Number of protein chains: 2
Amino acid sequence: MLIKNIKALDVRNGKILEKVDIYIKDNLIEKIGQNLDIEDEKIIDGSDKLAVPAFINSHTHLGMSLLRNYADDYKLKEWLEDKIWPIEAKLTPDDIYIGTLLSMVEMIKSGTATFCDMYYEMDRVAEATEKSGLRGMLTRGLGDLMGPPSPEERFADMRNLYKNYDGKANGRIKIFPGPHAIYTSTDKFLKDTISIVKECGNRVHIHLSETEGEVEDALRDRKMTPIEFCDSIGFLDQPTIAAHCTHITDKEIDLVKDKEFYPVYNPTSNLKLASGFTPVKKMLDKGIKVCLGTDGDSSNNNLNMVEEIHIASIVNKAVEKDATAVKAIEVLKMATINAAEAFGINSGEIKEGKLADITLFNLNSINFTPKNNLISALCYSASSEDVDTLIVDGKLLMENRKLLTLDEKEIIKKAQEAMDSILQR
Amino acid sequence: MLIKNIKALDVRNGKILEKVDIYIKDNLIEKIGQNLDIEDEKIIDGSDKLAVPAFINSHTHLGMSLLRNYADDYKLKEWLEDKIWPIEAKLTPDDIYIGTLLSMVEMIKSGTATFCDMYYEMDRVAEATEKSGLRGMLTRGLGDLMGPPSPEERFADMRNLYKNYDGKANGRIKIFPGPHAIYTSTDKFLKDTISIVKECGNRVHIHLSETEGEVEDALRDRKMTPIEFCDSIGFLDQPTIAAHCTHITDKEIDLVKDKEFYPVYNPTSNLKLASGFTPVKKMLDKGIKVCLGTDGDSSNNNLNMVEEIHIASIVNKAVEKDATAVKAIEVLKMATINAAEAFGINSGEIKEGKLADITLFNLNSINFTPKNNLISALCYSASSEDVDTLIVDGKLLMENRKLLTLDEKEIIKKAQEAMDSILQR
């Protein structure tokens, strides 16, 4: 595939490359340059487009899209315990499969190539990942205080998932454990999880310090903050994708800054559930590679990374009382190169030798008119509607806003039918 | 026009009406009911749509869209004085006209019927309002510390504008004064403005208490806060559209709560410029009819009320540490009935006898799937892309996402040419 005459975001250096050609061979960016003398069957005219490293949504729960707009304007505890958990208990593997596909349509239409999912029935999520063409970091939710299935079954499930799917779909699928949180596990279970992590993927995805209550409970029960506790049992010795970290302290920032510790900021979910304001600037200032996520559709209530980038930047300016804080380019890094490093994947930038995961924005749109600073535009004015084309692993998943791997109409229809049926149960 | 078999938001009572017909005659909603026995030439099938009172953007600067993404990630003072004012000085009436049209395309595509603009060359804005079919509250920026034109010329301009355009375009245009702020005027000028207000529209649009600095300066120079000062000179005796009020105090809330005082919350702009967190819940709790605005494209950087509604709700939950604060329906009121009251216009709800200003959302979209709580969906998951149709004053301005009064492609082209030319000057 050859993309001709396009503007491209060099996210690492915060620059826009003008009028380049991008040659994609197999699943890699083989060559970038001006007027490349290459012939290819598939030519994309990039003259009114902007190529951006396709986004990486570092924390989500895809199967929950069926619960979008199902329970809002509730306090977190009531929302989770009275509303979400009872209905989640009714979800079948088929519901999770269709909910996952619905989420995948959303992600493709808003320019996301890669997601990190924490849920259950993850073999069905792997199946949907293969079908959609997306790149999936699949993490099975684990915990021994969460009701059935038993800890042993969860571990067995995890091992099978790893054996059956890690590296599958041309390497698009990575599997590693997703212990839910420290408050849904005993100390013993969390310690046992470390050996599963070493066995399966050597990387971990966990919710950490999302709410004040979680921190208070940890201080009361474990005499340590959640992050200190994880460190004390050796949990942070492997790369850790730590969802939220809303209440990370200055001391904890110093504790994790030289580790392979990747906090995932989920601004919309943290604001909507009143979890708090995450100290993003403080973490970035210490060199921590903060990533960006949407969380699930039941607490966001969409998976739109374009919107998440926008909110991530503006909220932190107000928090810091500084309009220059957490600049557009810093948030774009959170949604691309920082996350690629967190997951150990060779993507996140438009550069020779990198995986061809590229989003093309339509510059002939209201939001990009006039074409002043395009990095500003991506963060402050762009809409998911401006996402024209998505390439993942060298393949087109959407072109001119038409989905090529998934049937949007059919998925919308089936998702509605699934929810209608769940509400009858 | 007859819209058949549609779901409709009853914003006042926070309910969704199911399967109703809405009959529009001339510019009014004549009849709402089930299976209306009415024949009309124009029938709209509403079966997969949601009718919502078209949004009212209560504070913006339309002509500034040419400066979208021109200067971001700067501190407010530097942004305004070093970046925005110098380039604004180069804008011609034609630039403002094309910038205004660009903004109007944005507003139509995101479901906004009515806007309140504060800028200059307002006769050109009136011209664009007539052409677009939108409903315009046009307020001429006034002040005697803002450089040319002179105070006298500004007043003369204001009187001419009122005489030539108030009530024009089938009543879609309302004119009233827009004194910029107390810090850009002398006491004398502000007092003189009151008589102009009484003469021209008996309503006023002003920036008030946007930043901490503005409040500190007022306390230093006038020994009163901006709102106390306005009250002391009789400025608040007519209906006041007070943009921002970010730093309104508890005492001031009590001062204005029984007046016709309408604060306009501009969340994106306030966050992005680090102006602060507006005490929206406190004001709503005291019965103040808070309105919602986008501010201009140079500080937002778009005019998307769907996004503004979303951000308005979630940010205030985090500020209040309460996930039930500033609920979806409360923000929808800010964007509709509260603003209709502020401007004294007979719109803002879908009700017999009201002006036919209606937005139709496409429910067959990812963001509305599954169809759980549609009020939640409007606030938390909807995107401007889901806005299918816009009716203003009984006329279609957009149908099936096709603009009917403005030529989007042509306006994008001309706006780009205008900005290219401005940068050469």
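Please read every residue number as a count from 1 along the shown chain.
Every residue gets a Cβ built from N, Cα and C, even glycine.
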Site-mate of A:Glu88, A:Arg140, A:His180, A:Asp295 for substrate in TrEMBL, selected among A:Glu210, A:Glu212, A:Glu260, A:Glu320: A:Glu210
A:His180 (substrate binding site) and A:His59 (Zn(2+) binding site), distance between Cα atoms, whole Å: 12
In sequence order, the binding-site residues (A:His61, A:His207, A:Asp295) whose C-alpha falls within 10 A of A:His180 (substrate binding site): A:His207
Closest of A:His61, A:His207, A:Asp295 to A:Glu88 (substrate binding site), Cα positions, binding-site residues only: A:His61
Cα separation, A:Arg140 (substrate binding site) to A:His207 (Zn(2+) binding site) (Å, whole number): 13
Site with most surrounding Cβ atoms, counting all protein chains shown within 10 Å, from the binding-site residues A:His59, A:His180: A:His59
Fewest Cβ neighbours within 10 Å, where candidates are the binding-site residues A:Glu88, A:Glu210, A:Asp295: A:Glu88
Residue pair A:Glu210 (substrate binding site), A:Asp295 (Zn(2+) binding site) - Cα distance, angstrom, rounded: 12
Arithmetic mean of per-residue pLDDT over the domain 'Amidohydrolase-related' (A:51-396): 97
